[in-house]
Structures are given as C-alpha cells and as structure tokens.
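Features of the protein shown, as given by Swiss-Prot:
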- 12, 13, 14, 15, 16, 17, 18, 37, 38, 58, 74, 79, 165, 177: NADP(+) binding site (BINDING)
- 19, 235, 255: substrate binding site (BINDING)
- 97: active site, proton donor (ACT_SITE)
C-alpha cells in the first residue's frame, strides 16, 4: 500500500474544522501532519482533535520536510502570499476558493506551479459531485433542447458580526465567498468565454463589504445566465437550465450533506421526471482526487475534474474580477 500524502494546514478556519480535516483524516490517501496558526491556542485545539502537530506560524510549517502538500483555508486576501510561499517551498497546494482576489495573482501562481511542476487546485467541491456531470450529459444529449438560459443562486443567512467574511481587507464579501459558486456553475454548463452584461450589489453602510448581488452573463452563443448570491437570505443553493423543449432543476446544488440523495428534476411538455442518484460525499472525493493526482504526477494543467485546470482557474478569476468591477458600478 502506498504511503499517504502528508498534509500541512495553513490556518484554523471553521470550514477546515467542520468539513475538510475530518475528510483528510478519514481517507487512506492523506495524513494530516501539522496545523499552523499565528494563535497557538487555535493550533493546539486543531492538533488535539485531528491528532497532529501544532505549529506556530505559517512559514515554520512550510519549512518542514515531512509535508508533501498544504491545504490553505486562509481568508482570500491572504491566499496570494501564502500559496506563493507554499509553491516556492515545493509543496503542492489545495486552496479554498477563490484561489486569489485578482486575476493577475491567479495567473502568477498558476505560472509558478507550472515552472515548479507542482499541483495547484482551487477547492470547488461541488465539481466533484457526479450529478453535475449527469446534468451536463442530459443537456448535451438534447433532453431539454437548446439551452436558452441558465439561472443559479446561492444565499445564506446573516453571519455573526465578527465573521472575517465581513472584513474587506481580508478579501471578504459575498461575491468572493459564495457568489463564486454560481459563477463557476455557469462556466461549467455554458462553456467558453462569458461576458458580464451587468451586475449590482448591496453593500453594508459602514464597512462597504458587499452583502448580496445579482449578475447577468452571456455566452458567445448568446445564452444568458442569471446569478444571485448573498449573506442576507434564507438558505438556498440551486440552479436550473431552461431549454427550448424543457427545463432541468437541481436543488442543494453546491453544499449538499454527504448523505444527501440528489434528485434531478426534468420538466418536458407538462411531464415532470425525477432522476434520483446515490448519495455522494463530495468532500471525500475532492480530497481523494487531490492526493491521487499528486501521486500520479499530475500537473496544474491536467484537470482532475472537468475544467479544473490552470487555465480554467485563470478564466474563473478573470470572470469574478469582471463581475466585481461591474457590481461596483451598480452597487447600492
């Protein structure tokens, strides 16, 4: 049996505690070796639960020879610096989305990973859930005719006042935290370059951080995409594809629980069919894929899942940046 990929973690984020590190400790392909924080108490808390070492400071973790790859759940505003340092230290990287806050930083890091022959992945977990490939197969087989319109939404209730996602200096805001999901889904189904026709957002009065937004995109073929996202909503995570002869609807699209049995609803000529799929743990699948690709010598331009490549990450960053520029022109 091959040795597991040895993982070091930069930062003690809630999502790492709840979802990613339990999966990394559970699958045979990875071993969590150490967790680094600038707060020793946080590092010790993580280390106690996940039976690994606590490290004070991110650089000290990167200097360790017993770590093959790092997982980066830091705030987005810190990603460019520490992903870059991890790659310079010859570590493979799995980073939470967004990879960085600018298209130029994303392109720079992808270029660095290419030169160092290292794996760099942006952690869009939903891409690892098989139902989205089923939906794309249905679309490409003509089940709903020609695609006319794509709609995707992701909204969550308000966060605690102290949540770092309300801090603009750390790359906070609804667009970079959850708006990126509908944008990535639009790219998954519409394919090719997307143009931002318009965007608007609602911002917090004091901090200026964006709390919600709407986006209108268009593909080269003329198909439009409507995206909605925000921190001030009843929970909703869904998308639909509206074609010339029918419609496909997917609920709990981006963050389904591992035990969730996905249902794809297909509407055609007044008839509704529901396609039930087995439950999948997209977190475990993402972790396993990352480790597998490291062992296989997969590079940044060899996708683990459709579209998950260096060039795709650059395209995603450029689209999100364009949305951000457009929303600032139309924000309230």
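Cβ from N, Cα, C; glycine included.
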Alpha-carbon spacing, residue 255 (substrate binding site) to residue 38 (NADP(+) binding site), which is rounded to whole Å: 29
Closest of 14, 16, 74, 165, 235 to residue 97 (active site, proton donor), Cα positions, binding-site residues only: 74
Binding-site residues: 14, 255 - member with fewest neighbouring CB atoms within 10 Å: 14
Between residue 235 (substrate binding site) and residue 12 (NADP(+) binding site): CA-CA distance (Å): 25
Cβ-based isolation winner (fewest other Cβ atoms within 10 Å) among the recorded positions 18, 19, 97, 165: 18
Euclidean distance between Cα atoms of residue 38 (NADP(+) binding site) and residue 19 (substrate binding site), Å: 21
Neighbour tally for residue 12 (NADP(+) binding site), based on other Cβ positions within 10 Å of its Cβ: 23
Rounded distance in angstrom between the Cα atoms of residue 16 (NADP(+) binding site) and residue 235 (substrate binding site): 21
Nearest-integer angstrom distance between the alpha carbons (Cα) of residue 165 (NADP(+) binding site) and residue 235 (substrate binding site): 17
